[in-house]
Amino acid sequence: MKFNGETATAFADDDEDGDCVEKEDDLILIKSPVSPPQPKRIVVGYALTSKKRQSFLQPKLLDLARNKGIVFVAIDVKQPLSDQGPFDVVLHKLTGKEWGHIIEDYRQKNPNVIVLDPPDSIKHVSNRQSMLQDVADLNLPDCYGTVTVPRQLVFTKDPLSLPDEVTKAGLKLPLVAKPLVVDGTAKSHELFLAYDKFSLAKLEPPLVLQEFVNHGGVLFKVYIVGEFIQVVRRFSLPDVCKRELSKFAGVFRFPRVSCASASADGADLDPSVAELPPTPLLDMLARELRNRLVNLFISSTLLVSAMISLQVEPHI
């Protein structure tokens, strides 16, 4: 019998004549064992370069994901994406117009799948001009420090006219030159330090030129995922004094600056250089950037990650 949906078992007893009777007054309710609901398995399809697979899909991450019910499945880029899956999340780090069309078409046909990140979102933060404009437009209170973008010039014309454009813009030497677009290639991550404006004519536009800001040879990279903020220290270019400007000329190439192998965490650094930016300042910066990026893009379920080198001046 059942009471309120629960199975009730009535235990019988023998009466004086040995007959088995049911004792209606002494019912013992025994709940049928119910298996706990199994957590939903989340399938993440990934399309990464071989280099990214090696650096990202570490055994520790895979073990942690497995314990959380997350499964990583490789996407075969030679096969139609629509024939693979089903996926809950598609994580990709590939470039090119063809792949962009493929992932956008998949996103439109599978609105319930989270795509990290949509091509339009990537396009905005892969352009160093539009990327930094969101930071320049911030209006943060300066009670914990000031966040600014170095003075810069975006140049897309004939490189021979670059020295004159630098003069017109009033930029001061030395100058940092970076490719305008970050497309995941090694070339797009190259950095040049110019000690004289005439040598800039040797570089290939489109470029972003920024005034070099002395920062103690250490910069901070801030990683933001949702509400979580992680700050790491990385070795960077050393400070440049005025005496060096008179000694050196030309453009110096640096293939990779502040990459993972240049970690400065745990190094014996000057405390004034090693001190992390104040947490309240990072919280404000993350919140404002998140709001701007979410407003720019249709989807509010994802936050585009952009690593931006900023000048953070302490509040004195």
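Quick reminder: no glycine exception, Cβ is built from N, Cα and C everywhere.
Small disclaimer: the values here were computed from a predicted structure and weren't measured.
Per TrEMBL, these features apply:
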| type | residues | note |
| --- | --- | --- |
| DOMAIN | 43-122 | domain 'Inositol-tetrakisphosphate 1-kinase N-terminal' |
| BINDING | Lys52, Lys93, His189, Lys221 | 1D-myo-inositol 1,3,4-trisphosphate binding site |
| BINDING | Arg128, Lys178, 210-221, Ser236 | ATP binding site |
| DOMAIN | 145-297 | domain 'Inositol 1,3,4-trisphosphate 5/6-kinase ATP-grasp' |
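Cβ neighbours of Lys93 (1D-myo-inositol 1,3,4-trisphosphate binding site) (same chain, under 8 Å, six or more residues apart in sequence): Ala47, Leu48, Thr49, Lys52, Gly184. Among the binding-site residues Gln210, Asn214, Ser236, the residue whose Cβ has the fewest other Cβ atoms within 10 Å is Asn214. For the binding-site residues Lys52, Arg128, His189, Lys221, the largest tally of other C-beta atoms within 10 A is found at Arg128.
Comparing Cα positions, Lys221 (1D-myo-inositol 1,3,4-trisphosphate binding site) lies closest to Ser236 out of the binding-site residues Arg128, Gln210, Phe212, Asn214, Ser236. When the Cα atoms are compared, Gly216 (ATP binding site) and His189 (1D-myo-inositol 1,3,4-trisphosphate binding site) turn out to be 21 Å apart.
Counting only same-chain residues six or more apart in sequence, the Cβ atoms lying under 8 angstroms from the Cβ of Val218 (ATP binding site) belong to Arg233, Arg234, Phe235, Ser236, Ala264, Leu269, Val273, Ala274.
Per-residue confidence over the domain 'Inositol 1,3,4-trisphosphate 5/6-kinase ATP-grasp' (145-297) averages out at a pLDDT of 84. Between the alpha carbons (Cα) of Asn214 (ATP binding site) and His189 (1D-myo-inositol 1,3,4-trisphosphate binding site) lies a span of roughly 20 Å. Using Cα positions, the member of the binding-site residues Arg128, Gln210, Phe212, Phe220 nearest to His189 (1D-myo-inositol 1,3,4-trisphosphate binding site) is identified as Arg128. The C-beta environment of Phe212 (ATP binding site), restricted to residues of the same chain at least 6 apart in sequence and closer than 8 Å, consists of Pro150, Leu173, Pro174, Leu175, Val176, Leu193, Leu237, Val240.
Within 10 Å of the C-beta atom of Phe220 (ATP binding site) sit 20 other C-beta atoms, taking all shown protein chains into account. The Cβ of Gly216 (ATP binding site) has 13 other Cβ atoms within 10 Å, all protein chains considered. The 1D-myo-inositol 1,3,4-trisphosphate site in the record is lined by Lys52, Lys93, His189, Lys221, and its two most distant CA atoms lie 20 Å apart.
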